[in-house]
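To keep things clear, I will list the structure first and then write my remarks on it.
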Amino acid sequence: MNNVPWLSVLWLVPLAGAVLIILLPPGRRRLAKWAGMVVSVLTLAVSIVVAAEFKPSAEPYQFVEKHSWIPAFGAGYTLGVDGIAVVLVLLTTVLIPLLLVAGWNDATDADDLSPASGRYPQRPAPPRLRSSGGERTRGVHAYVALTLAIESMVLMSVIALDVLLFYVFFEAMLIPMYFLIGGFGQGAGRSRAAVKFLLYNLFGGLIMLAAVIGLYVVTAQYDSGTFDFREIVAGVAAGRYGADPAVFKALFLGFMFAFAIKAPLWPFHRWLPDAAVESTPATAVLMMAVMDKVGTFGMLRYCLQLFPDPSTYFRPLIVTLAIIGVIYGAIVAIGQTDMMRLIAYTSISHFGFIIAGIFVMTTQGQSGSTLYMLNHGLSTAAVFLIAGFLIARRGSRSIADYGGVQKVAPILAGTFMVSAMATVSLPGLAPFISEFLVLLGTFSRYWLAAAFGVTALVLSAVYMLWLYQRVMTGPVAEGNERIGDLVGREMIVVAPLIALLLVLGVYPKPVLDIINPAVENTMTTIGQHDPAPSVAHPVPAVGASRTAEGPHP
């Protein structure tokens, strides 16, 4: 088994599956759906093999594959995973089959839907799903293929150990997501939201491209030019690149700008609420729980390890923006009347926690952030999909149109309650441990930032309990009598998510055992260590730290 290129298999299986599904005859819609399921489950099986064979205590990067790609520019086809990448690979491959099941009818004509399917017709089928003669075209094929293509590109972004290779797939995933939002979205503003998503992220990508080229120029000036991530990190640590510190700060900002848009970090978040609301629930989860994690992953791997000194310099500013995002997302969520928009703003708050944990540069903060990426993916998937199932039955996103749902759909209401409590980090559910670690790590470095972060916990309880009370409790509102409970297909989606939230809430040790060695390697690479616990704060000696921080905002 050691001779099998598992990482190449991992990303090529969904990509090949996407191509084959597009080539299926137009009328074979059911075959396209089932083929997508088979491909996604096969990809999950490969990821389980990778996770099972991964040894956290061994070398930092495992399953390494290295082949020449563009030798003239020092670019190679280099793959490998550390513990952080393994966790994100598992998150991606677990969610994709569930999202395909959840979106089983997302590309289906409205006349084919019925209450028994768990989705009520809300609007006529878009013209693009029909030919001029009324015969169905490849709408289902495209939907499944685009989802698998995004899975492939996200996986490649996580396992790439070449900066140029990472960049290519980091940008390429925007195209299938654009078509999923604009081509299959359910809102009237889906086209505008898709364009907004694409323009924001493309602009960030262009800035990052300049930084990628600049990084290569630096390596070529002081050494043999390369895009190999590990070689560049080793060169930075050894001081082989003697460029002006201002150059490295500019390169850091180029990478950070693209990742801040993708993640998203306040105030670069404005594309997210519209894109999430106008998409189908499954596409919104694919975007927020899977694709956007590449942004926070990029901060943890590329920003910190390629540019340790600039990361330390800009640390106070980034942590400040992250905490502002935490509070901003929570406050704006409280004022929403649209259920899906409210949930979308909660993700902005959660991403603020993740980014703060990364940039406080403590072991607890970074372990908590990595675990938070996993837990946020699961909790967001659960709450967004269950809300989507409810909206599909009622045909309205307005919170005011609901009430008494728990009396007509008790299972739906119960699972929504569990996922909502996971979103507010209730003890006993998965996000609690990760949020606790992030706050603990932040407090040891910036106690005031942690104190403001704690206020967001109170605000999150306010907006989620208010949402549950308005939607699920009280008398049954007019028009809600026909709302049915979760059907079998929907339970297949919800049950694993709820189970994982419960299991990881009481026993996160197996995941932390994979994450912690990778975090320790990152801390060693960037020359950081946890602050010594003390009450007093003596002035550090000159030269005591690796580099100075920038001015505290």
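Even glycines carry a Cβ here, placed using N, Cα and C.
These figures come from a predicted structure and were not determined experimentally.
Listed in Swiss-Prot for this protein:
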type     : residues : note
TRANSMEM : 4-24     : transmembrane segment
TRANSMEM : 34-54    : transmembrane segment
TRANSMEM : 84-104   : transmembrane segment
REGION   : 113-135  : region 'Disordered'
TRANSMEM : 140-160  : transmembrane segment
TRANSMEM : 164-184  : transmembrane segment
TRANSMEM : 197-217  : transmembrane segment
TRANSMEM : 246-266  : transmembrane segment
TRANSMEM : 316-336  : transmembrane segment
TRANSMEM : 342-362  : transmembrane segment
TRANSMEM : 371-391  : transmembrane segment
TRANSMEM : 447-467  : transmembrane segment
TRANSMEM : 492-512  : transmembrane segment
REGION   : 527-553  : region 'Disordered'
COMPBIAS : 531-544  : compositional bias 'Low complexity'
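Outside the transmembrane segment (246-266) by six or more residues, the chain places 170, 200-201, 203-205, 207-208, 210-212, 214-215, 218, 272, 291-292, 294-296, 298-299, 302-303, 306-307, 309-311, 313-314, 318, 321-322, 324-325, 328-329, 348, 351-352, 354-355 with a CB less than 8 A from a CB of the stretch. Counting Cβ pairs closer than 8 Å and at least 6 residues apart in sequence, the transmembrane segment (316-336) and the transmembrane segment (447-467) reach three or more and so form a contact.
Note: the stretches the transmembrane segment (342-362) and the transmembrane segment (140-160) are not in contact (fewer than 3 CB pairs below 8 A, sequence gap of 6 or more).
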